[in-house]
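Structure first, then comments.
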Amino acid sequence: MMEVRPTTLIDHINSPADLRALKPEQLPQVCRELRRYILEVLSVTPGHLGSSLGAVDFTVALHYVFDTPYDRIVWDVGHQAYSHKILTGRREDFRHLRQWGGISGFPSPKESEYDTFPAGHASNSISAALGMAVASAAKDEKRKVIAVIGDGSMTGGMAFEGLNNASSFPNNLLIILNDNNMSIDRNVGGLNRYMVDILTSKTYNTIRYDLYKGLRKINLISETNRKNLLRFNNSFKALLARESNLFEGFSIRYFGPVDGNNVLRLVEVLNQIKDMAGPKILHLRTIKGKGYSPAEKQATIWHAPGEFDIKSGERKKGENKPEPPKFQDVFGHTLVELADRDERIVGVTPAMPTGCSMTFLMKKYPNRAYDVGIAEGHAVTFSAGLAKEGLIPFCNIYSSFIQRGYDQVIHDVALSGSHVVICLDRAGLVGEDGATHHGVFDMAFLRCVPDIVVASPLNEHELRNLMLTAYKGYDGPMVIRYPRGKGVLTDWRNTPRLVEIARGRCLTEGEAIAFLSIGPIGNMVQKVVERLAEKGVSAAHYDMVFLKPLDEEMLHGIAKKFDTIISVEDGCIQGGFGSAVMEFMADHDYHPRIRRVGVPDRFIGQGSVPEQYADCGMDADSLLHLTEELLLHP
């Protein structure tokens, strides 16, 4: 007989209105059920676990106190918003999280009206929420706007730009600071709770507001004096609370810290402050992985653990057989090898040391590896400063995040010719993280930058060769892009060798058609060439290696030999590698028939990389079909 799962409270919550119909004393049970459901789904459908478990209580409290979707919640990054998705009509869809045709792992306005603003990258929530609050006030709408931002995102400069601007507006903006990493000193003891109770009480704030209004009415206080009075008030609060607070330096009212995993306390505090005028910050202390002991004890590992057994807490592993390593680990090991050779080599990462395997260098040379926080622009310019003083920085940034440091790449690295090696991790389509995390634009926006070299390795050996070349064979800025996940070689520890800049290679000679590829997608192209050979079609395959500068000598030879060329890249076709090939042909009056294969001009949703390749016509079957069509209709 099939076991029937008992009905729970969340089975009857199809919108926040259903949640608000519950009694306050039922909310702790809702939180427990949400955590249980998140664990149930994520144990077999991997996603971001730790942050989502920690955010359950304040998510429930926000939807209980505020009138969503009329009131707006703007999520920063958004991978902590799983309980938000479950509470807003996507409970059953949650079982297909991050899957092809399923729901995104991040807030997406295309998916739900409750997802008010797209999320995926860090530090933008305050600016977006402030814009919404100002627009609502301009339309005389009484809605409240809430930005939810983690302490990690507060290292991003845009967050401080938003805070600085927010102090100029009187609008009802609430910033929830989700502090789960002890990066902001906490107040302790009974005095702190007493101060929070007083400062959030309606009596205190009514008197405070009425006093200010009265003084303004009789012209005893100007706007400048109001700010001075606010600073005095904040200084008095800091004296009583024994804390100097940077947020109130922006003239933004601060409340907290408050236990962010106590839903009833949160409902109480939110009800007290929700109608207060002006921008304010509620500082919540949460536990990452709350409610699941393994995740609480090892927050980094359980941030996104993959599949796991809920009862034992054991993460599931693949078969115990030799497999290619991740490109990330090849980068990490190779960086350590180079650092062994030259003490000038250092590593820089903006808050992704584990993901990019910079931890290998940190472990062996802790004083030569720098995690600068979520601050990509700073990471690039910091690296340029290191290079200025004679060091050789390897700055590792995810491809989708280098977009946030583009000006610095141009102004602070390329313009000065700094010897900075920028390693773009997770280049190309990345799978389940979806549109916000695909690294598909870098080739298009980097190849137009003067005095910079851009390359992409076919495999792990070539990655090691390019890293050595960037260190020892070239003294200017160089970008090396490579994908997320495993490569193709089990025996990857070659002795690295210098390669010639702007030199590609022919992988397969052929006569009927030429494939030009760049990067690891060339391994798939090579399989297509082999399948064509089985059908009697002689196809050539060239691994270009360098996007900038191109191997022009090789391109001249290809143009003179072939009437039909297919370029293949794991990036956007607008302005990318294929466009560079077409520009070369046009500039030199060659007229071959060229077809570009790559990511089309649209955002690609979440799913597996093979599913995304097929959707974009970048998989082997699509490439084979395209080739046959071109050969049938010369």
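Including glycine, each Cβ sits where the backbone N, Cα and C put it.
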Gly120, His121, Ala122, Gly152, Ser153, Asn180, Tyr292, Glu376 show up in Swiss-Prot as binding thiamine diphosphate; which entry in His79, His84, His333, His411 does that record put in the same site?
His79
Taking just the CA atoms, what is the gap between Asn180 (thiamine diphosphate binding site) and Asp151 (Mg(2+) binding site) in Å?
7
State the Cα to Cα distance, in Å, between Asp151 (Mg(2+) binding site) and His121 (thiamine diphosphate binding site), rounded to an integer.
14
Where Glu376 (thiamine diphosphate binding site) falls in three-state DSSP terms:
helix
Reduce the DSSP letter at His121 (thiamine diphosphate binding site) to three states and note it down.
coil
Which one of the binding-site residues (Asp151, Glu376) has its C-beta surrounded by the most other C-beta atoms within 10 angstroms?
Glu376
